[in-house]
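The domain 'HTH cro/C1-type' annotation in TrEMBL covers 13-68. Marked as region 'Disordered' by TrEMBL: 116-139.
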Amino acid sequence: MNTHHIQQVADALRLRRESLGLSANEVARRANIYPSTYWRIETGQVPKPDTDSLLTIAAALDIPTADLFAASGWLPDSELPSLRPYLRTKYHLPPEALSKLEASVKAIAGEYGISIGRGPGSGEDEQPAANPITIPQRR
């Protein structure tokens, strides 16, 4: 993690904790880690937080693991899913709703000079990976 990523993680944790009205000690208790460990991660004093600590903190704060890993730089932009498979998987949307959302996002992005790639074709993202990785589920 570089200093930008460390600060992104720290800010995400602090903002979420504050929005939930929790103390740092309460988050640590829920994550089953030492309060000092949580506090050091939240204040950006840990350059490479332990993966297990981030997983338990994410669960304690109800932050999607992928969001926290993206903020940490562990999940590079190139590895994030394109819009259609993300929306379909996350929200179980029908194809017509996905098409409308994609068109809206592309139009808005275009207003800001951002070009959104086409992503996978129909059925391309349903193929299982050659070497799938098992990611532990949050409890």
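Cβ atoms are placed via backbone N, Cα and C, with glycine included.
Taking H, G and I as helix, E and B as strand and the rest as coil, DSSP gives the domain 'HTH cro/C1-type' (13-68) the counts 39 helix, 0 strand, 17 coil. The average pLDDT the prediction assigns to the domain 'HTH cro/C1-type' (13-68) is 95.
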